[in-house]
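**Student:** Found this in TrEMBL, in case it helps:
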- 84: active site, proton donor (ACT_SITE)
- 217: active site (ACT_SITE)
- 326: active site, proton donor (ACT_SITE)
- 351: active site (ACT_SITE)
- 437: Ca(2+) binding site (BINDING)
- 280-312: disulfide bond (DISULFID)
């Protein structure tokens, strides 16, 4: 592919998290990190470590490793998202360690993991969403309903924390995430569904909003992947996943008049017929789970996964840029298009190509590579700017304005999934690795695999 890891990545602004690619190289060194990194720098570097390694960009990887070794300072103060720091930084460092065996990545991951523990000091052990990495003070997001914690945030710690216990020999990380699971198991689920907001004080749901997109998404993914990562021994996680998927199918999966399968959002029993770009990961998740479903369910789940992925591809195909909007709707005669100005943007998100990768690996239907290639061409045409790639504000115009942000997940996820889509299946084989929700590969049975990186 013509896509390149942007060279601006190694310029003086390298310590920033989400560089501004429209700003010329060398002018970005004073930029701050992404909004809730808590003062941590270098999210782009840490998030990209494993991508650089897998793509055999040896010089850039060495430069990134040197930065982690010499310049990555964890003694910071500021408002950090427990979720983002875990998936981007801890996940990125763990993956880099498992791929290379370099101790520096392990020690930084453990040092950072320890700084996250005070977030769990709540009456229920359900962590608060925001933590000051310096003082250990934690609090809930101001915008979250009544001081609640968010399902996708409290439910997207399991993979990384199991590895932190494994590597440190300290069971505390495992205990923290197993306690979260205990609370979730105990609590009554409306129609078997998991609402997005939970009180860390009482352990009760705060309101009945259910979404497979933002606020809910990776909770479901981590149930399935916790089971896979345990070499299929964590049967409790698998049962929770199966039951949740059954409830989602029963209450949220719908078919539009035009025949498109989508997953609606649920607000206290009333459906909102929209699907966010973030929810498009679900095609890949359901396909991955289908591989391990009983014979009678396997084909049904694989078909469902393919239908959802097709719908997400339609959201790209129906836009002028062939990139998908932040959210698309199925109402008042429109299908798979954004109807609100505020939902027409594309910020280099990976969820759609993530599903292409899983469907490709599990079916080898060539259309998934074709769809991936369409995305490569669209990214090159509309998002490439002088010093990298930028999000665009409106996917429905062929002369879009750039938002001047290259999100760190573009290098961690979007480019990694595109690259792997065109690799052989044994490059980061699904038999040996699970990807965290930021596309950082973690080994399934805790052994180090010699990594095959070359494209055939």
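Even glycines carry a Cβ here, placed using N, Cα and C.
Provide an account of the burial state, proximal residues and distances for the features listed.
**Tutor:** Long-range C-beta contacts of residue 84 (active site, proton donor), restricted to its own chain and to partners at least six residues apart, with a cutoff below 8 Å, comprise 34, 36, 37.
Within the same chain, residues at least 6 positions away in sequence whose Cβ sits under 8 Å from that of residue 326 (active site, proton donor) are 276, 277, 338, 343, 344, 345, 346, 347, 349.
Under a cutoff of 8 A between CB atoms, and with a sequence separation of 6+ in the same chain, the neighbours of residue 351 (active site) are 277, 278, 279, 280, 281, 312.
Note on residue 437 (Ca(2+) binding site): other Cβ atoms within 10 Å of its Cβ, all shown chains, come to 25.
Its Cβ placed at the centre, residue 312 (disulfide bond) has 30 other Cβ atoms within 10 Å.
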**Student:** Mind checking which of 217, 280 has the fewest other CB atoms within 10 A of its CB? They're the recorded positions.
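**Tutor:** Checked 217, 280; of these recorded positions, fewest Cβ neighbours within 10 Å: 217.
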**Student:** How many whole Å apart are the CA atoms of residue 217 (active site) and residue 437 (Ca(2+) binding site)?
**Tutor:** 9
